[in-house]
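*Asks:* From Swiss-Prot, for reference:
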type     : residues                                              : note
ACT_SITE : 15                                                    : active site
BINDING  : 102, 103, 104, 105, 106, 107, 108, 109, 110, 111, 112 : ATP binding site
ACT_SITE : 144                                                   : active site
């Protein structure tokens, strides 16, 4: 473990649901899903350092919307790991969150922030805890946190906690667009007309831009129709992605962030610049996804 007491920064990658089928609902109300997800290089950043007392500050474009109380997932992650390890091994820390991802936007920003804090504090505190231990703590914080800890192409099933890594998955050129309309995940799930859809079809044996695009054409995001009914601006975001030349466009998660798939990173950058020039108040980011290889 790295025991450097100086500050270090961890990336909190955006989670993009390329496809998301809702396949059932448990007795406790949790929905069952079957989803292919990737994680982008663009996201939030978490800086951690040992300190005289616990401190939490937020900067970045979306900082004003971030709660600073104990309900924040960053602080929940800190406190959960401290309870697990014991206060004697977990001295005070300063946590600085750079919030670059929109709030309530369907890209797992809060869950990814929590995952970054768990990874970062495990190293800062030099804890003897493995990935499975962190995932167990992460699941107690939210169903998306374990997959955000993995941060590689994966298929998530169950409530999002049954994870299967996808090998030989190359990085993708992506453009993310959010029209500035927060969407309540609970409201989207409550508005679903059907909760017993079929699971995802088998993935192609060899995944490249073309095979993935063809596969995506026969999949869905089952949350998209409900989210569109709640926030019609999502349709405008998808329209702009298509106008900019996206090879495939869809809403991620429960929205309102949408993604466009592009064959190269340079094409994605040009498309993002075009959309940004027409919609300067929207969140628009060109990025690449993390591949299945170690990065």
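Each residue, glycine too, has its Cβ placed from N, Cα and C.
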*Asks:* Measure from the Cβ of residue 15 (active site) and count the other Cβ atoms within 10 Å, all protein chains considered.
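*Replies:* Result for residue 15 (active site): 28 neighbouring Cβ atoms inside 10 Å.
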*Asks:* Have a look around residue 104 (ATP binding site) and count the other CB atoms within 10 A of its CB, chains all included.
*Replies:* 18
*Asks:* At the level of the C-alpha atoms, what whole-angstrom distance separates residue 110 (ATP binding site) and residue 144 (active site)?
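*Replies:* Answer for this pair: 9 Å between alpha carbons.
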*Asks:* Whose Cβ, among the binding-site residues 102, 106, 110, has more other Cβ atoms within 10 Å than any of the rest?
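*Replies:* Going through 102, 106, 110 one by one, the largest Cβ count within 10 Å is at 106.
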*Asks:* Distance check, please: Cα of residue 112 (ATP binding site) against Cα of residue 144 (active site), rounded to an integer number of angstrom.
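*Replies:* Residue 112 (ATP binding site) to residue 144 (active site), Cα-Cα distance: 8 Å.
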*Asks:* About how far apart, in whole Å, are the alpha carbons (Cα) of residue 108 (ATP binding site) and residue 144 (active site)?
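*Replies:* A Cα-Cα distance of 7 Å.
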*Asks:* Please list, in sequence order, the residues in the chain of residue 144 (active site) that are at least six apart in sequence and whose C-beta is under 8 Å away from its C-beta.
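*Replies:* For residue 144 (active site), the qualifying residues are 15, 108, 111, 112, 160.
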*Asks:* Around residue 108 (ATP binding site), how many other CB atoms lie within 10 A of its CB?
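*Replies:* I get 30 for this one.
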